[in-house]
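Residues annotated as transmembrane segment in TrEMBL: 12-31, 43-67, 87-110, 117-134, 154-176, 205-224, 236-254, 261-280, 286-305.
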């Protein structure tokens, strides 16, 4: 319990509660149940993409193609549904396309060992170009009501999409902490050379990381298109930088090897609460970006100083241990 109070995740939790208190004071509508449920809806789409981005960044990689995978997957669903294919067959096809996109990235990154930033920078344009070519830039709408339940439906008091996000977050967190594959992700990000000497199948672990990212983007595409009842090639374009920012805000190191799913969930929650509260207070989207950037910088500065302070204390303890020995 003491370790939790000293953790970076606890700091994020305090910031989240403080933000909610400020928004509740400045806007009485903030604490209304319908608004709180709206926040859970808003954080789910970004959150699912951020879960995938967390896995990639933990391996010291990056995936710049996530937004394009979301767009291509969504337009696959819309295109097939528009041409008379059963909506659930179209959904399966959209998820398959997303997984294939992840496999395409994984082939170059894990097998051929090309830099992740170079590969995904190229596939970002490639996947978006395919979506635009197939659809001619058109949007597809008017999905069946049964499909809209995913993005707009409720199970009891909870939005369906939030329950999907919560389940995915719990499963991925358990996989990272309790399975050899999850521990290998941390080991690869912490020290690639050491991981290879430790017997970790470096290529296999990375391959499945990028495939899983593709699947998560496909799930996000299903949720977004079902919520807005439209599929467009540019769906998800705003989530690329937001997902990276949420992961970094949550404490995952861009150098890899350190971070947690809980931290990412906290980072996504902070952005969702801030965006919702500023909207209620009539703040323009441009100023919202300013506030989000400022909070990100402040939190990272705090983390830097707390990390530096803890390292100094650790160094001070080492000589005393040696003397006592």
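A Cβ is built for glycine as well, from the same backbone N, Cα and C atoms used for every other residue.
Take the transmembrane segment (12-31) and the stretches 43-67, 87-110, 154-176, 286-305: counting Cβ pairs under 8 Å, 286-305 has the most. Nonlocal intrachain contacts for the transmembrane segment (236-254), taken as residues 6+ away from its ends with a CB within less than 8 angstroms of a stretch CB, comprise 8-9, 12, 45-47, 49-50, 52-54, 57-58, 60, 62, 64, 66-71, 74, 189, 217, 220-221, 224, 260, 262-268, 270-271, 292, 295-296, 299-300, 303.
Note on the transmembrane segment (87-110): residues 61, 63, 65, 68-70, 72-74, 76-78, 80-81, 116, 119-120, 123, 127, 143-144, 146-147, 202-215, 217-219, 221-222 of its chain, located 6 or more positions outside it, place their CB under 8 angstroms from a CB of the stretch. If one looks beyond the transmembrane segment (43-67) by at least 6 residues along the same chain, the residues whose Cβ comes under 8 Å of a Cβ in the stretch are 101, 105, 109, 116-117, 120-121, 123-124, 126-127, 159, 161-162, 164-165, 168-169, 172, 176, 185-186, 188-189, 192, 205-206, 209-210, 212-214, 216-217, 219-220, 223-224, 227, 236-240, 242-244, 246-248, 250, 252-259, 261, 264-265, 267-269, 271-272. Long-range Cβ contacts of the transmembrane segment (286-305) within its own chain (Cβ-Cβ under 8 Å, at least 6 residues beyond either end) map to 8, 11-12, 15, 245, 248-249, 251, 270-271, 274-275, 278-279. Sequence-distant contacts of the transmembrane segment (154-176), counting only residues of its own chain at least 6 positions beyond either end whose CB sits under 8 Å from a CB of the stretch, comprise 33, 37, 40-41, 43-45, 47-48, 51, 54-55, 58, 182-183, 185-186, 216, 219, 223, 227, 260-262, 264-265.
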